[in-house]
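**Q** Pasting the feature list from TrEMBL:
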COMPBIAS  1-15  compositional bias 'Polar residues'
REGION    1-23  region 'Disordered'
TRANSMEM  29-57  transmembrane segment
DOMAIN    88-301  domain 'ABC transmembrane type-1'
TRANSMEM  92-113  transmembrane segment
TRANSMEM  125-146  transmembrane segment
TRANSMEM  173-197  transmembrane segment
TRANSMEM  226-246  transmembrane segment
TRANSMEM  280-302  transmembrane segment
Amino acid sequence: MTATATRPQDATPSASGGKRAPKRERQGAAWVFLSPWVLGAAALTLLPMAVSLYLSFTDYDMFDAPRWIGFRNYTQMFTEDPRYWRSVITTLTYVVIAVPLQLLLALAVAIALKSVRRGKGFYRSAFYAPSLLGASMSIALVWRAIFNDGGSVDNLLSGMGIDIGGWINRPGWAIMSVALLTIWQFGAPMVIFLAGLQQIPAELYEAAAVDGASWWRQFRSITIPMLSPVLFFNLVLQMIQAFQVFTPAFAVSAGKGGPADSTLVYTLYLYDRGFTASHMGYASAMAWVLLLAIGVVTAVLFRTSRAWVFYANDNNEGGR
């Protein structure tokens with residue numbers, strides 16, 4: 001008998017095993033690059049938020065150890081502090097004035113810039129420049145000088161026979177000067193609106209013009225629906241920023257919220273309670289109420305957006 005020996009086949013490496021190693025390496029590299037951000041967020045955001053939540057249930061003056069008092073800060077805030085409610089009303093007044101006017105002005109300028117043929121880059125930069133300056137203290141102080149008694153605005157109105165006596169010195173007008181300082185910085189929403197306008201197909205306007213649609217009809221039936229996602233984004237962003245306004249009110253009122261608490265916005269009163277009166281526990285409770293209020297407002301905006309925000313799907317049909 002003849003025995004036939006067969007050579008064993010060499011084991012071939014698994015294809016899946018060879019692919020898993022590079023995948024694990026990529027995941028490891030991703031975590032290495034993400035780790036500074038994760039550690040920074042934990043150390044600079046999550047940890048301070050946790051400490052603030054704890055302090056909101058304590059009596060803490062930054063000198064003695066925190067003393068647990070439960071919900072005392074919250075009950076005092078809602079039932080025993082009239083200045084707290086004045087700050088809420090002042091903030092809501094500011095939001096109602098500043099947000100719509102800023103968005104309307106940003107949209108109007110964006111529509112005007114869309115039709116500009118020459119120098120579009122220059123005009124875009126010029127209108128965006130105030131947003132680069134931001135609500136800095138120096139700009140706010142200049143704004144205060146302009147609207148103060150005897151300032152340029154007061155002199156101009158006096159020359160026209162309108163005697164206001166300085167906007168920031170009158171309770172009914174002081175919050176308007178704070179709002180105008182924010183409205184003036186409309187560059188960021190303007191750029192976003194301009195980008196959204198450039199994405200609207202020109203064929204829609206051409207077809208509407210052929211059908212005899214007026215400018216207003218085109219704006220109402222084409223521009224607004226097609227621009228509604230961008231409008232919604234700007235609305236949410238500006239609402240969140242408006243509820244947190246601080247620097248303009250601080251500079252205009254010299255940190256006092258006057259006259260007669262007419263510029264005492266929520267964050268300014270929070271600052272006063274925390275750093276002027278050294279009631280850090282009370283200020284922490286105010287901060288958490290503000291966070292919850294912004295969350296509720298944002299959730300309401302997202303919920304109601306289903307009725308007016310137009311999203312084009314793959315079939316070019318509106319809807320979410």
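Glycine residues also receive a Cβ, built from the backbone N, Cα and C atoms like all the rest.
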**Q** If you count Cβ pairs under 8 Å, which stretch among 29-57, 173-197, 226-246, 280-302 touches the transmembrane segment (92-113) the most?
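**A** Out of the listed stretches, 173-197 contacts the transmembrane segment (92-113) most.
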**Q** Looking only at residues six or more beyond either end of the transmembrane segment (280-302), which have a C-beta under 8 A from one in the stretch?
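**A** Same-chain residues near the transmembrane segment (280-302) but 6 or more away: 52-53, 55-62, 66, 69, 73-74, 76-77, 84, 232, 235-236, 239-240, 243-244, 266-267, 269-271, 273-274.
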